[in-house]
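Engineer: Can you read through this structure? Questions will come right after.
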């Protein structure tokens, strides 16, 4: 510790205002107690220092006394001005009160003037009326004078008797004239009185108006004087405030001048200290993580001029103060603690490596920071180094939800998603595609990494990615995450489930059968595959000339489809078939038809009940099919209890087609049976005929006999088989013999339809089949013979006509099944 510092420590509190002797006593005590010796030169120097301080203290005391006197004068002036201000305020209040009464007086004067004006108008009206009355009386007097003169003339001209009567009239007229003159004189007197009264009232009113005008002028002058007084008081108050402000301003100016001098001295000292501080090099800043920066710099040479190396940083363009962190401390510098606030831990005070590294972790992602170094000591801050800027990056934001969809290709899924916004983070350069078979994405794996510049946005701004590595008929869930230079961002929400579908394989078989002279029945069967179900088949016929015609057929639940082609372009052709499902269209299968005439037809059968548990099956072949019905053609008969012929059993296998009749035995009358037939030739087989329901005679109960009616047949006659019978009247219920149904067998002339057999039931509790109607009476219906036709619309041999029966005779009929299920 130096001698000056010890003297500072020994100096008492300045608030006590120590004297010169007290200062010397303290100084002598310090000088004699330090090492037990006295230094004369130091004593002389300290005495000179103390004398100068005492002189400055005396000057400061005199200045303080003068300032106290000025402050006392200012306080007295302020008290006087406050008293004057209070007086002025009272005067202003009195003037304001008088001004408040003036409007009331002015309003009263206005009302009085209005009243006098009204009286003047009334007097003028009365004067006008009196003038009119006097004028009327004068006119009347003139008329009477003329009348008197006329009567006098008559008197002179008349005889004595007449003259006497006229004299009497003249006397009466004279009396009347005198009365009128008296009345006129009274009216004139009244008019004079009224005129005098009006003159007096007018004079009084004019005097009152002049008085009110003078009072109004006086009030105006009073108001102007009051306004002038208020303005004078305002000017006095403003001058007083200016005086007060000037006194305070002079004090502030004196204090500011003193502070400026002190700041100039400090600034000079700081500039001298700054010149001695070294200038650090520009730091090297690199990005460690999204919120951490690694700063590397070279420490300046150690010297006593500086004791700390500090880094300052803040956001570029921000007006906030720099954040600081001490990088290292110089052991050769001043050990006095720095007055600046230091963030972060202090570095080691040992002699470090010239290369200094530090990590800053309190940075905001997405902002550009400015870093600069400086050296400082306990007095000032040194020169700043060159600034280094760095953008603190962050991970990209999460992408939106992924929208998967099955692409046009069978093994491809299109993923649509929006790229995340890069407001603060660096641009995205890649995307990670994750996939899983579970919706919770627990076992999600990275499927692919695709560059961002490869994906192009569509019209909606969504990026499209094709996933081609999936397994068919597998459910997938997808997630997408963005990647920038900082790493991978959060994943998106799991997408909706998408199933990778496959297009169907080529059809397994194409079966073509003749359905008429220029008609063909084409049946296509599918190959089992794990994709979605087949919905349609595209079937095309290509003739030898090259012409092609295409049609579409709806697939059945089992994957097969049948199409009746009514107008085949040629006898020799090639059939092309392709399957379609929700994914697309599969490859095609071809089958060549050498001659359409050599193809097997579709069987046409007929069923008749022939016993309680038996039914007769007959094949119906048209004459034009004789070329195909040879010894090589056989047929199979299948029987089932279901209309779709599921779990059918073969009751006939490879029976010769030359034996067109077969009896189905051992049927249960309580069970429903369905039968169909398939043609066979070598390894070729035809399409089965539509299933026919089997009806045995045990299910037929005849109605009770009753007298026949003309034009009808008797149901009591034993039935006889006739191929031409088209309508049969028999009961179909075993339990209600009184209810009847009409059983009808009809054939259609269309080439594309098979013979249909329908029945309408009217039994209680059983629904009617479509197209049927209940009988109108219990009588049997008239039977109408029809000509049977085969499936291809061609007539065979003419049917036998039923024999004619007279009245009371029954008509035979054939027992036929009651219902046909297609």
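Note that Cβ sites are derived from N, Cα and C of the backbone, with glycine treated the same way.
Below are the features listed in TrEMBL for this protein:
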{"type": "REGION", "residues": "1-21", "note": "region 'Disordered'"}
{"type": "DOMAIN", "residues": "398-505", "note": "domain 'Fibronectin type-III'"}
{"type": "REGION", "residues": "487-507", "note": "region 'Disordered'"}
{"type": "COMPBIAS", "residues": "488-500", "note": "compositional bias 'Basic and acidic residues'"}
{"type": "DOMAIN", "residues": "506-599", "note": "domain 'Fibronectin type-III'"}
{"type": "REGION", "residues": "699-733", "note": "region 'Disordered'"}
{"type": "COMPBIAS", "residues": "711-727", "note": "compositional bias 'Low complexity'"}
{"type": "COMPBIAS", "residues": "759-780", "note": "compositional bias 'Low complexity'"}
{"type": "REGION", "residues": "759-822", "note": "region 'Disordered'"}
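Can you walk me through where each of these features ends up in the structure?
Structural biologist: Within the same chain, residues 290, 395-406, 410-411, 413, 415, 417, 420, 425, 432, 434, 436, 439-441, 470-481, 524-527, 529-532, 534, 537, 577-589 sit at least 6 positions outside the region 'Disordered' (487-507) and bring their C-beta atoms closer than 8 Å to a C-beta of that stretch.
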Engineer: When the pLDDT values for the domain 'Fibronectin type-III' (398-505) are averaged, what is the result?
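Structural biologist: A mean pLDDT of 81 is what the predicted model shows over the domain 'Fibronectin type-III' (398-505).
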Engineer: By DSSP, how many residues in the domain 'Fibronectin type-III' (398-505) are helix, how many strand, and how many coil?
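Structural biologist: Helix, strand and coil residues of the domain 'Fibronectin type-III' (398-505) number 0 helix, 43 strand, 65 coil.
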Engineer: Per DSSP, what is the residue count of the domain 'Fibronectin type-III' (506-599) in each of helix, strand and coil?
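Structural biologist: Going through the domain 'Fibronectin type-III' (506-599) residue by residue, I get 3 helix, 52 strand, 39 coil.
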